[in-house]
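Visitor: Okay, these came from Swiss-Prot:
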type    : residues         : note
REGION  : 1-446            : region 'UDP-N-acetylmuramate--alanine ligase'
BINDING : 111-117, 600-655 : ATP binding site
REGION  : 447-803          : region 'D-alanine--D-alanine ligase'
DOMAIN  : 567-778          : domain 'ATP-grasp'
BINDING : ASP732, GLU745   : Mg(2+) 1 binding site
BINDING : GLU745, ASN747   : Mg(2+) 2 binding site
Amino acid sequence: MMKSLFYHFIGIGGIGMSALAHVLLDRGYSVSGSDLSEGKVVEKLKNKGAEFFLGNQEEHIPEGAVVVYSSSISKKNPEFLSAKSRGNRVVHRAELLAELAQDQISIFVTGSHGKTTVSSLITAILQEAKKNPSFAIGGLNQEGINGGSGSEYFVAEADESDGSIRCYTPEFSVITNIDDEHLSNFEGDRELLLASLKDFALKTQQICWYNGDCPRLRSCLQGHTFGLDSSCDLHILSYYQEGWRLYFTAKYQDVVYADIEVQLVGMHNVLNAAAAMGIALSLGIDEGAIRNAFRGFSGVQRRLQRKNSSETFLFLEDYAHHPSEISCTLRAVRTAVGQRRILAIYQPHRFSRLRECIDSFPSAFKDADEVLLTEVYSAGEEAEDISYQKLAEAISQESIVKCTHIPFHELQRHLEQSIRVHDVCVSLGAGNIVNLGEKLRDFEPQKLHLGIICGGKSCEHEISVLSAKNIAKHLSKSFYDVSYFLITREGLWESVSSLETAEDSGKSVFDPEIAQRLEKVDVVLPILHGPYGEDGAMQGFLETIGKPYTGPAIAFSAIAMNKVFTKRFMSDLGIPVVPYLPLTLAGWKQEQDKWLAHIVEAFSFPIFVKSSHLGSSIGVFEVHNVIELRDAINEAFMRDNDVFVEENRLGCKEIEVSVLGDGSGAFVVAGLHERRGSGGFIDYQEKYGLSGKSSAQIVFDTDLSKEIQEQILEAADKIYRLLLGKGSCRIDFFVDEEGNFWLSEMNPIPGMTETSPFLTSFIRKGWSYEQIVHQLVIDGLQRFNQRQRLISTSFVDQAFAIQ
């Protein structure tokens, strides 16, 4: 190409066209272009010297200019017709791309999904390796640039959608995958699409890397493969996602590349990173450059790009518009955010795509909690008659989520009324839904009104209040407003603005003042220990009045606080428990001597007598003879209707494990710790440092072997899963000198005072106090949402039954 040539782009603001315009401008060519609107993409080009025309007019075509068009430009476009009639050279953007890349080592990326991410990753690797590549990519980097001219290499996307990949003969290539996308351009025949990809691979001069996990590609392509399948040339051995980052280990040519970190999310991006890595290794790029590029990758705009400034909720924008892309994106977000409510705002892109994929779209939203469906963005297609209500119903049915049709012009207002603290909003689509995030950039949702309930009728009243005071110190004022409800030892309620001003007096929970203040609360934090607070009673009350609450759910509270039931259930499932013998009040009253004889025969003194429903150090008695045994059992039955005797584990380590989350989904097991007393059994006073006693020592760096620690953590994980744990829990074990361990008991609402190890366990894991509270609130809200969905469904069923 001659230096004096002038290039004019019809539709210069398009993502593919603007990339080539950047390359030409960097190489010193004169560039002009037209488009129907002027945005940030055009502004970047103008800053480089491009001339811009708003709208399409014949007179925009410069004399002697090469005129560039894309497949989206109509042959009836006035500028296209003018260029033809004047005799200007008119080229498709694919032809120009091929020309621009011909004097460099070209690396072209094609496939139904992932082209932009793979080409961006390859570009980042080459830049990290100081190779200064040229690039033309279908997405903007964080600087708003999608094209540029360099030296040795040229990285570009090759658009498979319109068949224009026939123009390319790259040195290296990547085929990411194949899906039923853009089939209308291939006479509705997926085999024609596959044939075009096969031809592209055959024309690759050196190496074609393709997805070895894709059967349709594997059946007809030759080249190097990447994927999870063990037969792949670049074999992904393992991967996991931690927050907003991926880690994977891969093997290529007998070399294992362990724990590669990528600043992306989702299994699909593991494959994308593997494809980029395969190209880089083929080019002889140093492993360090690959790792550094992946670790520092800043991403691509409109690929889970954060749009809002508020710290109390998250608004992400994503380009996903095909069912496969939507599913992968939402699954990645779910893994990153755990139990936070995900609101998916979906704008279908093109009537033809919706029609072609109508059977796949309804099931693509399974990882969302709620879907807002708006009108199709036509992208120039003729409008078709669509029943959005029926599509919303299909999404609700197949993805098991609430889906509502919201007209596009009402989306902003609806979201401003619906978004709450901790929500994650994800806009999905390739159309003008891009504007939604900008409109909500500075939006702030209302704070959540938390109601902390503490005190209670239990003998652990004092610890409950201390725990509540400690939690109150760490509540984020930007997230929450707080009210306090102190339950007296007599069971009366007092509503106060501060626990420091609380008096030991109160009213019935049915008193209008208490009821009205409870009504204003959005989420309740019950920080209660023992009966009437930790055993499901309070949880049942809160569900009855329709309030979300943190911590354990009804069933889990009731089960975990019943030590006999927990032991019996866990023992049946293979978890070792300390040998025990349950007693009933009726049986004990009628046949005390018989039970005493049975106990003495089964156990050796000292023996422990325990109440089944109280805390770990409440209603527990160490006895050394039959007289003490009888008295202790009588005393225990004064505190609880269910009592058991237990073989002693004196001399064993007391090991505790803290857990937060949903046992049927996402939960976190913190590292274990040891509670050491002054000797023998750790009673209530020593546990909390009361009555002049020194607190039991908490040891986090225990001298247990790594193997034993892992076994205990695995057991805690298993116990929480099997019991379908909800909210929070502390799981206690005994461990002897040989490394044998037994489940002791579970505490669904552990102490949360300044010295309580439950909170410290998560602090040592890298959490903040605020994060712990956030997690408790998020878990409670998510559980409430799930229950509300079931309630509303039952009402619908009843309505249909009545009709």
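Note that the numbers count up from 1, one per residue, in the order the chain is shown.
From the backbone N, Cα and C atoms, a Cβ is placed for every residue, glycine too.
Model, not experiment: these values are computed from the prediction.
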Visitor: When DSSP states are folded down to helix, strand and coil, where does GLY111 (ATP binding site) land?
Guide: coil
Visitor: What is the separation, in Å, between the Cα atoms of GLY111 (ATP binding site) and ASP732 (Mg(2+) 1 binding site)?
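Guide: Counting only the Cα atoms, the answer is 52 Å.
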Visitor: Among the binding-site residues listed here, VAL609, ILE633, whose Cβ has the fewest other Cβ atoms inside 10 Å?
Guide: ILE633
Visitor: Could you tell me which three-state DSSP class ILE633 (ATP binding site) falls into?
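Guide: Once the DSSP labels are grouped into three classes, ILE633 (ATP binding site) ends up as helix.
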Visitor: Once the chains shown are all counted, how many other Cβ atoms turn up within 10 Å of the Cβ of ASN625 (ATP binding site)?
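Guide: That number is 11.
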Visitor: Around ARG649 (ATP binding site), how many other C-beta atoms are within 10 angstroms of its C-beta?
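Guide: There are 19 of them.
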Visitor: For GLU601 (ATP binding site), just count the other CB atoms lying within 10 A of its CB, please.
Guide: 7
Visitor: Quick one: of ASN641, ASN747, which of the binding-site residues has the smallest count of other CB atoms within 10 A?
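Guide: Ranked by other Cβ atoms within 10 Å, the binding-site residues ASN641, ASN747 bottom out at ASN641.
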Visitor: Hey, does DSSP put ASN625 (ATP binding site) in a helix, a strand, or just coil?
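Guide: Its secondary structure by DSSP: coil.
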Visitor: Quick check for you: of the binding-site residues VAL609, ASN641, ARG649, ASP732, which have their Cα within 10 Å of the Cα of ASN747 (Mg(2+) 2 binding site)?
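Guide: If one measures from the Cα of ASN747 (Mg(2+) 2 binding site), the binding-site residues that come within 10 Å are ASP732.
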Visitor: Determine, from DSSP, whether GLU601 (ATP binding site) sits in helix, strand or coil.
Guide: helix
Visitor: Where does VAL609 (ATP binding site) sit in DSSP terms: helix, strand, or coil?
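Guide: For VAL609 (ATP binding site) - judged by DSSP and reduced to three states - the answer is strand.
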Visitor: What residue among the binding-site residues ASP732, GLU745 has the most other CB atoms lying within 10 A of its CB?
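Guide: Max Cβ neighbours within 10 Å, all protein chains included: GLU745.
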Visitor: Report, as a single number, how many Cβ atoms besides its own are within 10 Å of the Cβ of GLY111 (ATP binding site).
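Guide: A 10 Å sphere around the Cβ of GLY111 (ATP binding site) contains 26 other Cβ atoms.
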Visitor: Rounded to an integer, what is the Cα-Cα distance in Å between ILE633 (ATP binding site) and GLU745 (Mg(2+) 1 binding site)?
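Guide: The Cα atom of ILE633 (ATP binding site) is 19 Å away from the Cα atom of GLU745 (Mg(2+) 1 binding site).
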